[in-house]
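A short write-up of the structure that comes next.
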Amino acid sequence: MCGWNVLVQVNPCGSVPPHVWLERSGTVNPSHVALFHLMCGWNVLVQFNPCCSVPPHVWLERSDDATGYGPIFEEEPLDIVYTKESPDRLISMNCRARANPAPTYRWRRDNWEIKLMELPNEHYSLVGGNLIINNPEEKKHAGTYVCVAKNVYGTVISKEAKVKFGYLEEFPDEERDPVTVKEGQGAVLLCAPPKRWPTEVTFRWIYNEFPVFLHPDKRRFVSQSTGNLYISKVEASDAGNYSCYVFNPQIGKGVYSKFIPLISTEETAPEWAVTINNTQKDVGSEHTMSCVANGKPGPYIRWLKDGYSYGKGELKFSSLTFEDSGMYQCIAENYWGIIYASAELRVIACAPTFELNPVKKYLLGANNGRVVIECKPRAAPRPRFTWTKGKEVLFNNSRISIMFDGSLEILNATRNDEGVYTCLAENDRGKANSTGTLTITEATQITVAPEDTQVMVGEEVHLQCQASFDPSLDITFIWSLDFRVIDFYLEWKHYERIMDSGELKIMNVQLRHEGRYTCTAQTVVDNVTASADLKIKGLPAPPGGVRVEEIRDTSVKLVWNRGADHGSPILGYTIQTRDFYALTEVDWRDASTSPTALDRMSVMADVVDLYPWMEYEFRVYATNEFGDGEASIPSMKIKTWDAVPVVAPTNVGGYGGKDGELIITWTPVQPQYFYGKKFGYVVAFKPHDDVDWWYETISDPETRRYVHRDASFRVKSNDFQVREFQVKVKTFNSKGDGPYSLSTTIYYPRDVPSESPTDVYSRPVSSHEALVWWIPVKYWRKYDDTEPGANRIFVPASMNQTRLENMLPDSHYLIEVRAYNGAGVGPPSEHCEMFTKRAPPSVAPQMWRYISYSGKWLYVMFRKTGYITGPIYMTGWHFIDFPMPQVGDYELEVRGRYEGGDGPIRKISLAAMLLLALCIVGLGI
């Protein structure tokens, strides 16, 4: 313009003004003012003189967009696995970029741009830079996504993120074939897991019933790649039904296979289970000979008679003859061996005889009772029986009958049935008879019967039982619980029978003592019984089948089965949780539930206020009027869904260091508050007067400090003020960003502290410790150590005292205190001198029948053998008298107390006595 050229040379550093100069050109184009926009935020303004021969006026000024910059990603989308079981029914893909001016965001799927602005979409929406997909469908929304951020300075594209749909199909409904294996050999149970995505799942095996899971050990191994169960050496106890359980932690779903029977076989040689014995049978009678042998495979049974083959399996004789007599052998054999059993069968015929088994001479029967008089002579073939009472022949009627074996039965016997009874036996070879006298006694009757009773656990109960009986007889009482006779010798802790009567005393009643108690009054003639039910009231039984049916981010749906109430109605249930970070196996905590109160009819509830992305297991216990019952078996472990973090780091602070370092510190968030995977921190900071924040992403969740280096932070010679910085820290995970902490001001120091602490004072505590005070620490032995090798301890600025430890006893120490900041340490204080105390002797007080010690004081503690604590006595004398109980053995501990601390302990064992005099002899030190 006006024949002048403006030449500009821009400096590579945008903060340095460009170089501008003028030169004359041959072209004249009059104008008054021109404006040129340069890079790096500089403008060149030129004002021309009306007289073109006068050079124009040129100046520089900073443009408004001097602090602008293009997009820089702070958060990029991550791969996502979505499942139909997701409670939110949406996918959130995060994208955040730092830029000035603020960027606009667009998204692409499989290289095709998603039209978020032009056309409304029922599935896609944009929140900030985050892409939200509502009610996702696999065919429409699976694919590769990228985020595009753009402003006037340029465009950036994020890394690719894949959206895949997770699933876990059910096992087929077909029954699984059994697996048969010999004991001692190996076995493989195939899981054959269903189709799934992601493929990373965990495999477990259920044994016989849910929730009994198989625990792998040295013999049993579960492959986490195929799911197969391997058993190296099968034992008999391994036999049972097995189900493969597949759990996908990313989608929170598990499925079970049909049960697979495992049949354990063992090939063994035959062994006799039932064998044959010598037998004598009557001619014409029936007889069966059998033997049973165990073995694998099952043994084959065959017979020999007098050395010749005689059949197989079981031998049956419908009518024995004398030719059937002989020696029989049973043979059992399989692949692994053969065994023999021998016995004689003797077929006999003889006239009846009562020599070996006569009718009892004196018989007793109860009035109105049943009487059976046995008649069992030896005879072959079977004889015919005839009974007489005195001279009267007896025939079968409504009260009297002759049984098949020859015994005489009399029903509702009375005194009129007393008399002499004779049994006559006759066959084709002869006849014989035998006689006995019947006496009728008074019948036994229950006069005081036990009554139904209800008691509480721990109480004592008495069950009465009394009976009337014939005075000529003896009576005994027998007690049984649910038809099991009580053994008073083995169960003396709880059961006692009162000897003068039939009364039963049950002490310290427990739940297992509940049932029907039966008292039996028995004589040699008859017996009578009476029963009563004992109900025990106590704590409720544990619920069963505790399982998780629905999983969410901060809650789950828990289901259980009711347990027995043990005689007292259940008032309610309590759910307890144990998470991954529980300190011990018994570290259970009461859970918050919805509904809050779980009444006696409850069998399910929502457990709320859980940590997202946390592994949990649950248990349930019931409560009745007697208290809390035993807790159930814990449920299977599950992990809650992930969520955006809500807890910010605490204690955010920091300081300036050397050479332009800015150190920012914070207390890391506890792991239970991570709420998801890929947890980290975003550190934001800026000079106090600046508007824009600087951001740094920290991916390590354990990190507690960040050091930023910037040469511009260095203190210059003309800086007279301490520089201030604002800092704050927030958390993030794969689901999104959490809140920022409160902003904190930290300072960059101009120099190290210029003044030393004053009024340093120290005092020894023991032979190894000392206390140090000062006003706003390095310490060493004066003559034995050098100052460069001194011990150091750092103390926060808010404290003005500390404890020095691990010092040497009986030593002369020098102590100095310095102030420090990020730039270094200040000048030392004046040295403080101090002597540590003498150490106690390393040898315990000597002890034989009496005890000697050295020192100022003596501590004496005695306790009963087997106990942890006991009374303590202290004396400064050379003896001590103290009372002691008369019963039991005791341990006596003696130790000296010295200026430098307590000495070692000496122990002795003492028998009980009325008064113990302890004599002490000082040794001097």
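Quick reminder: no glycine exception, Cβ is built from N, Cα and C everywhere.
Quick look at what TrEMBL annotates:
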| type | residues | note |
| --- | --- | --- |
| DOMAIN | 71-164 | domain 'Ig-like' |
| DOMAIN | 172-261 | domain 'Ig-like' |
| DOMAIN | 270-346 | domain 'Ig-like' |
| DOMAIN | 352-439 | domain 'Ig-like' |
| DOMAIN | 444-535 | domain 'Ig-like' |
| DOMAIN | 542-643 | domain 'Fibronectin type-III' |
| DOMAIN | 648-751 | domain 'Fibronectin type-III' |
| DOMAIN | 756-842 | domain 'Fibronectin type-III' |
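If you look at the domain 'Ig-like' (172-261) against the domain 'Fibronectin type-III' (542-643), you find at least three C-beta pairs under 8 angstroms, all six or more positions apart, and that counts as contact. By the count of Cβ pairs under 8 Å, the stretch nearest in packing to the domain 'Ig-like' (71-164) among 352-439, 444-535, 542-643, 648-751 is 648-751. Per DSSP, the secondary structure of the domain 'Fibronectin type-III' (648-751) breaks down as 6 helix, 53 strand, 45 coil. Per DSSP, the secondary structure of the domain 'Ig-like' (71-164) breaks down as 4 helix, 52 strand, 38 coil. Remark: secondary structure over the domain 'Ig-like' (444-535) totals 3 helix, 45 strand, 44 coil, with classes taken from DSSP. Across the domain 'Fibronectin type-III' (542-643), DSSP classifies residues as 0 helix, 47 strand, 55 coil. Break the domain 'Ig-like' (172-261) down by DSSP state and the numbers are 3 helix, 37 strand, 50 coil.
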